[in-house]
């Protein structure tokens, strides 16, 4: 098979050379007619070259096929955030079903999911570059579906004789952690498929904006189903329904997602297993230390030990990556502007995790809102998120990325300030509504801006790594933010603070995170503006001379 293909390629090359000689001075400078070229069978074209040579993949799709393609890709973001939102809303049914009474343990039910989503994204993106993003996308859907179903089954673990249900909590949190590996596979490969399917321009910007819009929309969808099943039925059904949907989307992806081009798959490259092991281990230990501190406190000896080990292993990871030929995280990705954008994005999304988690706790425990009542109040985030995505998609080509990041940081900061200063009893429309109206602009601007910056800076074969980096920062930051804020809440609660005071302290930590992102973003934007003005002035002087 290979030998015949080589002969055919050689024959094609000979024909091309002879035609180039005979038609070198052809009229209008056009290429020679394609008739002499051998024509492959339809089967060969489908399996080996699904798109015409040098065409962007979207050009080979009908309008309906492209729409289904975009919807399926966006569903990876939608269901990722839905899985985050569905564990927040049925707070009381979930706590009762698992026997959870500690705020720290409850935070783990959410943080364990975000931990693995953020941790495994980077190696998953690299595997997509090596073996094909479509293949990894299907694997991600199947994994996501299976462990969503298993997470719901944790409620069937028998209670202990003492009446406790620690086994249920452990199984649920472990299942949540394993479940998060599915979205970790989905997200970078979905973004990489977008990057490889569309050229830089308005069409690509709009697809990225739609993908970003699915973050707040997905959180709301998860909240809706969590509220419905938690209040009116049985909360495990929110896990099982998402699992069934994920398996269905995995099946649909086999038919809807175009096959990867051969030149986009780097199977001959080496996968950095040592780097992957060091990176995953370091990120997990660092994260577990912060989130476990919300349960047992920092005086517990093993907590600072875990933190120290995590830092040392991460240092070893970066040292290893700098010395190997094919690193998991190429150093060429890290440029000053990229690092600043990722830092601002990280701090902003840390504050978003704090905002979301403690808003639900505030409404449920302080104001006594039912799960469906909380869902109704969160509807604002879906509406505002849609508007923010549209505005972002239309303006991203006109506004420099550094100013977009600054606008995003401003939205995160204002939203967190409104929630942190909210009194126990107040009309929803005064502060909660306004905060929910503003915070989606932080989400929907930061993600596409950061994704587009990295997507435009790297070659096609590194699109998966670039997408992995953005998604690692976003999802890992949510989990870390919860750990830091939860630690602050625990410390003041041990000092005799009320539940409301503990929530306010945690929310002020979120304000600090968002405020830090805003300060860095403003400084970076002013620097970029200064550099741009100097370049423009230098260009004018050279033209005058």
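Cβ coordinates come from backbone N, Cα and C, glycine included.
No curator has checked TrEMBL annotations; they are predicted automatically.
The range from 45-64, 105-124 that TrEMBL describes as transmembrane segment is residues 105-124. When Cβ-Cβ distances under 8 Å to the transmembrane segment (271-290) are tallied for each of 206-234, 302-320, 428-453, the top count falls to 302-320. Remote same-chain partners of the transmembrane segment (465-485), defined as residues 6 or more beyond its termini with a Cβ less than 8 Å from a stretch Cβ, comprise 80, 84, 107, 110-111, 114-115, 117-119, 121-126, 129, 183-184, 187-192, 195, 283, 286-287, 289-291, 293-294, 328-330, 333, 342, 345-347, 349-354, 357-358, 447, 450-451, 454-455, 457-458, 506-507, 509-510, 513. Residues of the same chain lying 6 or more positions beyond the ends of the transmembrane segment (169-194) and with a Cβ under 8 Å from any Cβ of it are 73, 76-77, 79-80, 83, 87, 98-100, 105, 108-109, 112-122, 124-125, 127-129, 133-134, 136-137, 139-145, 147-148, 150-151, 153-155, 157, 204, 207-208, 211, 246, 257, 451, 455, 463-468, 470-471, 475. Within the chain carrying the transmembrane segment (67-85), a Cβ under 8 angstroms from the stretch's Cβ atoms is held by residues 58, 61, 110, 113-114, 117, 137, 140, 144, 148, 179, 183, 186-187, 190, 193-194, 197, 207, 210-223, 225-226, 242, 245-246, 249, 252-253, 256-258, 356, 475, 478, all 6 or more beyond its ends. Among the recorded stretches 136-157, 375-396, 428-453, the one sharing the largest number of Cβ pairs closer than 8 Å with the transmembrane segment (340-363) is 428-453.
Through the fold, the transmembrane segment (375-396) approaches residues 89, 205-206, 208-210, 212-213, 215-217, 219-221, 223-224, 226-228, 363, 369, 404, 428, 432-433, 436-441, 443-445, 448-449, 452 of its own chain, all at least 6 residues removed from its boundaries and within a Cβ separation under 8 Å.
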